[in-house]
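> Got a structure here, written out as structure tokens. Questions coming.
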Amino acid sequence: MPKRTDISNILLIGSGPIVIGQACEFDYSGTQSCKTLKSLGYRVILINSNPATVMTDPEFSHQTYIQPITPENIATIIEKEKIDAILPTMGGQTALNAVMQMHQKGMLEGVELLGAKIEAIKKGEDRQAFKEAMLKIGMDLPKGRYAYTELEALEAINEIGFPAIIRASFTLAGGGSGVAYNIEEFQELAKNALDASPINEILIEESLLGWKEYEMEVIRDSKDNCIIVCCIENIDPMGVHTGDSITIAPSLTLTDKEYQRMRDASFAILREIGVDTGGSNVQFAIHPETLRMVVIEMNPRVSRSSALASKATGFPIAKVATMLAVGFSLDEIQNDITNTPASFEPSLDYIVVKIPRFAFEKFAGVSSTLGTSMKSIGEVMAIGGNFLEALQKALCSLENNWLGFESLSKDLEAIKKEIRRPNPKRLLYIADAFRLGVCVDEVFELCQIDRWFLSQIQKLVEVEESINSSVLTDAKKLRGLKNLGFSDARIAAKIKENENLEVSPFEVELARSNLQIVPNFEEVDTCAAEFLSLTPYLYSTYAPNPLPPIENKQEKKEKKILIIGSGPNRIGQGIEFDYCCVHASLALKDLNIKSVMFNCNPETVSTDYDTSDTLYFEPIHFECVKSIIQRERVDGIIVHFGGQTPLKLAKDLAKMQAPIIGTPFKVIDIAEDREKFSLFLKELDIKQPKNGMAKSVDEAYSIANVIGFPIIVRPSYVLGGQHMQILENIEELRHYLESVTHALEISPKNPLLIDKFLEKAVELDVDAICDKKEVYIAGILQHIEEAGIHSGDSACFIPSTLSPEILDEIERVSAKIALHLGVVGLLNIQFAVHQNSLYLIEVNPRASRTVPFLSKALGVPLAKVATRVMVLEDLKEALKFYDKKNIVGYSKGVYKPKMPHFVALKEAVFPFNKLYGSDLILGPEMKSTGEVMGIARSLGLAFFKAQTACFNPIKNKGLIFVSIKDKDKEEACVLMKRLVQLGFELCATEGTHKALEKAGVKSLKVLKISEGRPNIMDLMMNGEISMAINTSDHKSQDDAKLIRASVLKNHVSYFTTLSTIEVLLLALEESSKEDELLALQDYLK
């Protein structure tokens, strides 16, 4: 049937901020869904609190509510926008949970759910209802029991036995789940799982550890047509969350008989659950010996795996699911890549490998052991002609300095221990075991990874050990290595290792070129080349191909520009950079220039098949970039939008005289080189904090003594503030140097950067655009947290509350830097205002993570403006094209936007609740995974909204726990007095209690954990604490860390700096005032 005409206003619920388990994949699916609904003529209304997403750009929906995703807000939008139907299946667990809460409160009267009805959501998400539905249709399930209390859980474990898996209903990314091997572990896991489930329901089931795990991406329409889009196999056996597992498509160790059983079961499950207009993900486990197949769970929505399946096959699951939700059937929908009906099941003639990206180095105390609760921050995908080619390409894509199967250890006992323990480096330890002569069967007993995968790694190791310089003149051998996925850099490294002969990657490339060994570029076309592909979505392979290679036909010379993406999501480089790359592609379209996108992240909008004119899915390594440049003969390359990843390639690109457009490499080099940049600032007479570069440990002590404490130290060439610390005295410096030199050598090549730390300074971020002649100061973002907390973790807002004199100076200095550097495009400058003086902290001649937020706040697409400037080098023209009404200031070559009449605030979102053992205290090393935006008529209300959106709601009354470090106590007492005046009660441990008492602020003294019972943890567990204020630091004792862990565990809202408390007080003082719920389009009128 054609599209429905009985509905017109459709509300799409987004997934909110990037968190572990819900990342860019929902921006990809949401953007695709918004575009589809709009193209079909529906009025689209969106709610999503994440400003870094493409889907929240005003042009993708008619009304865009960047507001907290709460039942109350959704109900207000339903009434205000006269919503006919809600599409909740594109917003992950957040959207499903929101509509379930609304249903339970009776808030969905007269509104239809599209894609999945309430009954289907309940059956799919409620583990008891799912079990009953599966038993009804004869599906085998793991033996299990449900529990709603800790007592029922204990009864269940007596029946199930150990080891047992505990799973919580209606949670994201395995939240609250785990494997218990004994009663003590079980009791803690059961309590946590009951707390994590919004309906206090948990499932205790028999352990399936060691079983093989598979996922089926299924689509069903209203005519009961069903297709399997993709079958994904987990290399890691059951026991590791599928989001943390290395996965492959198509499945490689599944017999056709098993596949058909799984396919039939998937269709039967969708029919029983009631998913009749959309996509779902169904997970199975198969015993490797008995072949018993059990159903694990299903998601009645588009999921993380759906995004992977879409990118792996080229089949646009989110678009098709959206069209099915509004009435179409599969045979009525056209596959955009081949122009064949969407009812054709995709067929793959290549192998896809996904590897997760972790950030354990950022969180001391967090175990890197993987289990049923997800821990990864991002992922990469690689495509190859065979398994090993795809696997090695994926390893190279992770950007953690692995060139392939790097050797990690020669200690066999240590290696065996690491193979037993699921962890991000397990495959590399398996390779090390094979290097030491361990057989496949012995490795299998340690890890339960299928023997076929293990034998492939063993084969790779055998080949590696035979690599020597003779391959450089032997075409057959060299082609064979490239066919197995060996990068030029890895071949060079193995020649050095095996022969002690220095060979550079360039020499390997030259040898390849002389022997005419170049990659073939093949298409992802959903049909194994059976039909002609109309949209170029390409990957490289050295695998032999019986078909002729795809030619890069160019009827006439069209201008083309290559955009180098940002690679895997990680802390410090997230969705904000992908947003900028997407905008670059859209801006090139406006210029009638062909865009070529290059990335390896399957979650993102940039790797959607219709974002750019040509898409290359490849590791972001110089070897791959060079081959694409040579193939495409591009007229320009953009390296400034993907964060540090493409910027690191700029030097090699400049050497080969590649056409980098925008800010040239020599400018990037000045900004990135500490000594060159300090000289540059001296020439311009711009103040920066006292600093020095220590090239040895002794030099570090002498520089610190000259500068004076406190100091901030950081090694060179690290991302996201890794190993960066604030040190108060010589003893702390000594301890730091002793610990950091274990991880990093301080030398002339790797100096330690030492700066004077400006205490109590106000930090600012400035984003600007320059064309070498004029400058556009897009925004001055004021940080709430003081200097010393990484800018990516600090809340910031616009317009600034600083004096006009300081703001004028910031604009003047920013313009001076941009023009004298010779920036063409975006740049980001960080300043600190200390004792009324302006200091420059750093300059990044690239897009920053604040660009998407600022673009939303101003209504100006900054990345598009910058792209146009990079191509045309005409700032005035670019602003006129994209910002017809907003420029108000022009003086001395400086443009300024009209400041908003509202306050827009960006707040960071952290993964602490997913990473057990992490500490919520912030510092110079970045820890946040995502962000939210609060928009309101005042700073206090914007902050109030942002805290609600980032799961840290501000309470209006109750008991506040206060723990203040000594140096903050005097200032804190003044603020605490205001909290008491607002009606709050305070409680504190002895030191803070005495300080409050001395200042005349009433508080209840509570015991520390080590002082007896009942203590502060008991109060938290009993739900008596409404909020916590803790300004301790990482140097505080274990007792304080346990208290902070209790804050997280018991979902207590918390605040960790005095500057945040000042804004919290504003929020509390204004929270009783009504603030109308407005769409972004209304704010920008």
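Backbone N, Cα and C atoms are what each Cβ position is placed from, and that goes for glycine too.
Since the structure is predicted, the reported quantities are computational estimates derived from the model, not experimental observations.
Below, the features straight out of Swiss-Prot:
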BINDING   Arg127, Arg167, Gly174, Glu206, Leu208, Glu213, Gly239, Val240, His241, Gln283, Glu297  ATP 1 binding site
BINDING   Gln283, Glu297  Mn(2+) 1 binding site
BINDING   Gln283, Glu297  Mg(2+) 1 binding site
BINDING   Glu297, Asn299  Mg(2+) 2 binding site
BINDING   Glu297, Asn299  Mn(2+) 2 binding site
BINDING   Arg714, Lys756, Leu758, Glu763, Gly788, Ile789, His790, Ser791, Gln830, Glu842  ATP 2 binding site
BINDING   Gln830, Glu842  Mg(2+) 3 binding site
BINDING   Gln830, Glu842  Mn(2+) 3 binding site
BINDING   Glu842, Asn844  Mg(2+) 4 binding site
BINDING   Glu842, Asn844  Mn(2+) 4 binding site
DOMAIN    131-326  domain 'ATP-grasp 1'
DOMAIN    678-871  domain 'ATP-grasp 2'
REGION    1-399  region 'Carboxyphosphate synthetic domain'
REGION    400-552  region 'Oligomerization domain'
REGION    553-951  region 'Carbamoyl phosphate synthetic domain'
REGION    952-1085  region 'Allosteric domain'
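Context for these features, please: burial, neighbours, distances.
In three-state terms derived from DSSP, Glu297 (ATP 1 binding site) belongs to an extended strand segment.
Gln283 (Mn(2+) 1 binding site) is surrounded by 19 other CB atoms, counting those within 10 A of its CB over all protein chains shown.
Neighbour list (Gln830 (ATP 2 binding site), Cβ cut-off 8 Å, at least 6 residues apart, same chain): Glu763, Leu764, Asp765, Val766, Ser791, Leu840, Ile841, Glu842, Val843. DSSP gives Gln830 (ATP 2 binding site) a strand state.
Sequence-distant contacts of Asn844 (Mg(2+) 4 binding site), defined by Cβ-Cβ distance under 8 angstroms and a gap of at least six in the same chain, are Ala671, Leu827, Asn828, Ile829.
Averaged across the region 'Oligomerization domain' (400-552), pLDDT for the predicted model comes to 90.
Per-class residue totals from DSSP over the region 'Allosteric domain' (952-1085), listed helix then strand then coil: 63 helix, 22 strand, 49 coil.
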> I'm trying to understand the geometry here, so how far is the Cα atom of Arg714 (ATP 2 binding site) from the Cα atom of Asn299 (Mg(2+) 2 binding site), in Å to the nearest whole number?
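Here the two Cα atoms lie 44 Å apart.
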> Between the Cα atoms of Leu758 (ATP 2 binding site) and Gly239 (ATP 1 binding site), what distance do you get, rounded to the nearest Å?
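One finds 47 Å between the Cα atoms of these residues.
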> State, in Å as a whole number, the widest CA to CA span among the ATP 2-binding residues Arg714, Lys756, Leu758, Glu763, Gly788, Ile789, His790, Ser791, Gln830, Glu842 given in the record.
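About 18 Å separates the two most distant Cα atoms.
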> Could you measure between His241 (ATP 1 binding site) and His790 (ATP 2 binding site) for me? Cα positions, answer in whole angstrom.
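Just about 30 Å between their Cα atoms.
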> Of Gln283, Asn299, Gly788, His790, which is closest to Gly239 (ATP 1 binding site) if I measure between C-alpha atoms? They're all binding-site residues.
Gln283
> For His790 (ATP 2 binding site) and Asn299 (Mg(2+) 2 binding site), determine the Cα separation and express it in whole Å.
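About 36 Å separates the two Cα atoms.
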> Of Gln283, Asn299, Gly788, which is closest to Leu208 (ATP 1 binding site) if I measure between C-alpha atoms? They're all binding-site residues.
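For Leu208 (ATP 1 binding site), the spatially nearest of the binding-site residues is Gln283.
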> Between Arg127 (ATP 1 binding site) and Gly788 (ATP 2 binding site), how far is it from one CA atom to the other, in Å?
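That separation, Cα to Cα, works out to 45 Å.
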> Tell me the Cβ contacts of Asn299 (Mg(2+) 2 binding site) under 8 Å, same chain only and six or more apart in sequence, or just say none.
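When sequence neighbours closer than 6 are ignored, Asn299 (Mg(2+) 2 binding site) has Gly124, Ser280, Asn281 within Cβ distance under 8 Å.
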